[in-house]
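A.B. asks: Structure provided below as structure tokens; questions to follow.
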Amino acid sequence: MTTSQKHRDFVAEPMGEKPVGSLAGIGDVLSKRLEERGFDKAYVVLGQFLVLKKDEDLFREWLKDTCGANAKQSRDCFGCLREWCDAFL
């Protein structure tokens, strides 16, 4: 599977205070929905990812329920966070 430039940029460095929209799979619409629910930074979404024990099915279902992410968006976001964790945790 090839990854987007957005994905590669995200996993290339520590997360810091990056906005939630910097995550692969999260565009303007999903970013706004997540922000409205308190997930304004990428690290807040990472926290949920970790609470769900990095489980792909649970995380993707949570993302769908929380902001309406489709299958590709949730898969891209999951892959981005998984790869970031592999590199930095």
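Using N, Cα and C of the backbone, Cβ positions are placed for all residues, glycine too.
For reference, Swiss-Prot lists these features for the protein:
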- M1: N-acetylmethionine (MOD_RES)
- T2: phosphothreonine (MOD_RES)
- T2: N-acetylthreonine (MOD_RES)
- T3: phosphothreonine (MOD_RES)
- S4: phosphoserine (MOD_RES)
- 20-35: domain 'HhH' (DOMAIN)
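Tell me what's around each of these sites.
C.D. replies: Sequence-distant neighbours of T2 (phosphothreonine) (same chain, six or more apart, CB under 8 Å from its CB) are absent. Mapped onto three states, the DSSP output places T2 (phosphothreonine) in coil.
The 10 Å shell around the Cβ of T3 (phosphothreonine) contains 14 further Cβ atoms across the protein chains shown.
Cβ neighbour count for S4 (phosphoserine): 13 (other Cβ atoms within 10 Å of its Cβ, all protein chains included).
The average per-residue pLDDT of the prediction over the domain 'HhH' (20-35) is 98, rounded to a whole number.
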